[in-house]
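Q: Per TrEMBL, the features are:
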BINDING   Asn114, Lys115, Gln116, Asp117, Gly164, Gln165, Ser166, Gly167, Val168, Gly169, Lys170, Ser171, Ser172  GTP binding site
BINDING   Cys251, Cys256, His258, Cys264  Zn(2+) binding site
DOMAIN    75-225  domain 'EngC GTPase'
Amino acid sequence: MTQIARVFARHNQMADIAGADKPPRRLRLHRRFRDLACGDLVELDATGDEVTRQLDRNNVLVRRDGFGRRKVIAANIDCVWIVIAPEPAPSRNLIDRFLVAILNLPARPRLLINKQDEGPAARPEWLDAYRQLDLDPLFVSAKSGFGLDDLAAAAAGQTNILVGQSGVGKSSLVAALLEQYGIVDAIAPTTGDLAASGEGRHTTVTAQWFPLANGGAWIDSPGVRDFTPEIPSLDTLERGFPDIAERGDQCRFRDCRHQSEPGCAVLAAIEAGELPAARLQAWHALAAEIPAQNRARG
Ligand SMILES: Nc1nc2c(ncn2[C@@H]2O[C@H](COP(=O)(O)OP(=O)(O)OP(=O)(O)O)[C@@H](O)[C@H]2O)c(=O)[nH]1
Ligand SMILES: [Zn+2]
């Protein structure tokens with residue numbers, strides 16, 4: 001008899017895979033499953049030792065690496081929590097770039113502002129810039145436990161992934177949630193695939209699935225310095241910037257690039273203080289990457 005199982009983590013030619021109510025086992029994968037990622041569902045043979053089929057996925061979060069290659073991060077995601085903290089200093093550009101990938105999955109984007117125990121400085125004043133995007137920011141502290149009840153409630157019953165810069169506290173948040181809200185306690189985040197970073201602390205190197213007791217899961221993902229979403233077309237870009245796309249419909253020219261055209265509704269919105277200039281800068285930078293990405297794709 002075959003069985004359906006979940007990929008908890010992917011490591012090169014191997015993957016940690018768990019059947020219902022069983023702890024994950026590390027299995028070697030056939031080459032045809034090279035695309036398999038954390039969160040994927042697979043079929044195992046009767047022995048449970050071999051992956052025989054990869055099930056269809058709802059969606060998959062991917063990035064482009066420095067060589068333009070497609071890198072799969074995790075699959076079957078409902079909600080992506082972009083984690084920021086006072087330290088390391090948040091990059092709004094990184095948030096803008098994540099949003100393109102998230103809104104195209106599609107999945108719900110949320111902003112998680114960690115390390116609230118560090119005081120009022122932990123609340124960035126530029127949050128208003130994202131009001132239109134409904135990121136519904138949640139303020140938490142993995143260290144003090146502040147806001148974790150709200151976080152657990154907001155995450156219940158769905159597959160959640162934490163993304164963001166290295167050191168914002170993604171693994172600490174998963175650990176705190178595991179401890180307080182009885183997720184499957186057999187696998188604590190520290191047993192995931194960790195490597196010592198330069199500062200002597202641990203850093204996550206591959207996405208890791210943590211099932212919630214009542215369905216759904218948390219996925220901890222490796223910290224990033226930068227993030228390049230896949231952007232095959234201007235339509236993809238527009239889905240990532242609904243605030244710009246909406247105003248762009250009012251531009252005088254249908255093919256307005258929002259650069260210096262007369263009657264540009266996007267530039268007018270910036271002039272009026274309704275849209276941050278940084279959002280349009282991020283748009284232009286990403287629009288410029290479309291042709292190169294298409295060339296790399298061949
Ligand atoms: N003050 C404070 N420090 C925290 C909090 N959460 C995490 N930290 C600290 O921040 C540092 C990084 O935490 P991690 O959980 O390893 O961060 P990460 O985002 O998982 O990092 P990567 O795995 O490299 O992506 C550690 O020294 C934590 O102790 C918090 O709520 N408050
Ligand atoms: Zn325009």
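Just so you know, glycine gets a Cβ as well, placed from its N, Cα and C.
Curation does not apply to TrEMBL; its annotations are automatic.
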Q: Which binding-site residues of Asn114, Gln116, Ser166, Val168, Lys170, Cys251 contact ligand 2 in the sense of C-beta under 6 Å?
A: Cys251
Q: Using only C-alpha positions, which one of Cys251, Cys256, His258, Cys264 is spatially nearest Lys170 (GTP binding site)? These are the binding-site residues in the record.
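A: With Cα distances computed to Lys170 (GTP binding site), the winner among Cys251, Cys256, His258, Cys264 is His258.
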Q: Compile a sequence-ordered list of residues in the same chain as Asn114 (GTP binding site), six or more apart from it, whose Cβ lies below 8 A from its Cβ; state 'none' when nothing qualifies.
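A: The answer is Val83, Ile84, Ala85, Val140, Ser141, Ala142, Val168, Gly169, Ser172, Leu173.
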Q: Tell me which of the binding-site residues Cys256, His258, Cys264 ends up closest to Gly164 (GTP binding site) in space, Cα to Cα.
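A: The smallest Cα gap between Gly164 (GTP binding site) and any of the binding-site residues is with His258.
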Q: Compare the C-alpha of Ser166 (GTP binding site) with the C-alpha of each of the binding-site residues Cys251, Cys256, His258, Cys264, and give the closest one.
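A: Checking each of Cys251, Cys256, His258, Cys264 against Ser166 (GTP binding site), the shortest Cα distance is to His258.
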Q: Taking only the binding-site residues Gln116, Ser166, Cys251, Cys256, His258, Cys264, which have a CB closer than 6 angstroms to any atom that belongs to ligand 1?
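A: Checking each Cβ against ligand 1, the ones under 6 Å are Ser166.
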Q: Can you name every residue in this chain, apart from Cys251, Cys256, His258, Cys264, with its Cβ inside 8 Å of the center of the Cβ atoms of the recorded Zn(2+) site?
A: Gly248, Arg252, Phe253, Arg257, Gln259, Glu261, Gly263, Ala265, Val266, Leu267
Q: What is the separation, in Å, between the Cα atoms of Gln116 (GTP binding site) and Cys264 (Zn(2+) binding site)?
A: 40
Q: Rounded to a whole number, what is the top Cα to Cα distance in Å among the residues the record ties to GTP, namely Asn114, Lys115, Gln116, Asp117, Gly164, Gln165, Ser166, Gly167, Val168, Gly169, Lys170, Ser171, Ser172?
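A: The GTP-binding residues span at most 19 Å between Cα atoms.
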